[in-house]
């Protein structure tokens, strides 16, 4: 355990918040894309589809790198049990809160919007369970994955810490080219695992909990570990914060490959396996692109930025049902996709900010949506 706090990483805080807030334009653009979603506009937009695909191709990979970075930083700061408790509470409590308050009402809304209420009694027990697993976890899936990664990383982080204590500090002698090869092989390994499952027991791939707990965790664990390694080895982090023309060009080529796979691939063939390889390496390259841009443009302290850093999780949690409400009841009345998209951003962001300010004034809600226990008045007085 370290008593010396690490210097504040303002650009990483900002990037993490922006990646979270990107969920709003991502889901609103999904309404106007060619992808089939819960709610869709009458006529899809090609450029909003392109915008949606771009966000989807890299956002969460970069997010999990930052999560791994901060997780290991806090691992060194707290005793093991306290670290696990704090990390799980910070993501687990908001997730468990959002299920009854947000995703359950969202599920009921969609049942009426899609006129599925009459079909519900005809579903088997497993079909009901699986439907609820997909719909109630919904956009909260990454919180569940973070709980799992936090638990799994106890052994990994302990091993990292022991190696730091017993061996002399040395540079992480690994280039971005070598990292790219490693992540390409990891993508191939993930694709092979998925293909074997598809051959042996394809039905399990449609199981919501299996998808979230096993498949999503397997895909994102390399990025989470990479974040921890970036904290351990400053020179590795420097590789990501230094602009790389190769990573930028590689990410552009990977995105084109991603689009071609979306356009010409088949789910019954190798589309999902190909996508996993592409997004694995594109995610790595976009870490360099996003970190280098963020380090240059966002590495400063600002009250406004801090506000959105603190608000980003709450806004992300509430934006999804607001987006679906907008898509179901307001989108049909707006003929222009561009105007609809902009109105959606204003509608969702405006209401989310109002709800955020309201919840700050209710201590119970503030705790439930942040996982942070209230600071006792005695502690505040002592600090002051």
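Just so it is clear, glycine is given a Cβ too, placed from its N, Cα and C backbone atoms.
As recorded in Swiss-Prot:
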TRANSMEM  17-37  transmembrane segment
TRANSMEM  54-74  transmembrane segment
TRANSMEM  91-111  transmembrane segment
TRANSMEM  140-160  transmembrane segment
TRANSMEM  173-193  transmembrane segment
TRANSMEM  212-232  transmembrane segment
TRANSMEM  240-260  transmembrane segment
TRANSMEM  274-294  transmembrane segment
TRANSMEM  311-331  transmembrane segment
TRANSMEM  338-358  transmembrane segment
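Taking pairs at least six residues apart, the transmembrane segment (274-294) and the transmembrane segment (240-260) share three or more Cβ pairs below 8 Å and count as touching. In this chain, the transmembrane segment (338-358) does not touch the transmembrane segment (212-232); fewer than three CB pairs sit within less than 8 A of each other, excluding pairs fewer than 6 residues apart. Residues 6, 9, 12, 15-16, 19-20, 22-23, 25-26, 29, 83, 86-87, 142, 145-146, 149-150, 153, 157, 160, 220, 223-228, 230-232, 237, 251, 254-255, 258, 278-280, 282-284, 286-287, 290-291 of the same chain sit 6 or more residues outside the transmembrane segment (54-74) yet have a Cβ under 8 Å from a Cβ within it. Counting same-chain residues at least six beyond the ends of the transmembrane segment (17-37), those with a Cβ under 8 angstroms from any Cβ of the stretch are 44-46, 48-49, 51-53, 55-56, 59-60, 62-63, 66, 139, 305, 308-309, 312-313, 315-316, 319-320, 323, 326-327, 331, 337, 340-341, 344-345, 348-349, 352.
Residues 50, 53-54, 57-58, 176-177, 180, 230, 275, 278-279, 281-282, 284-289, 291-293, 295 of the same chain lie 6+ residues outside the transmembrane segment (240-260) yet bring a C-beta within less than 8 angstroms of a C-beta in it.
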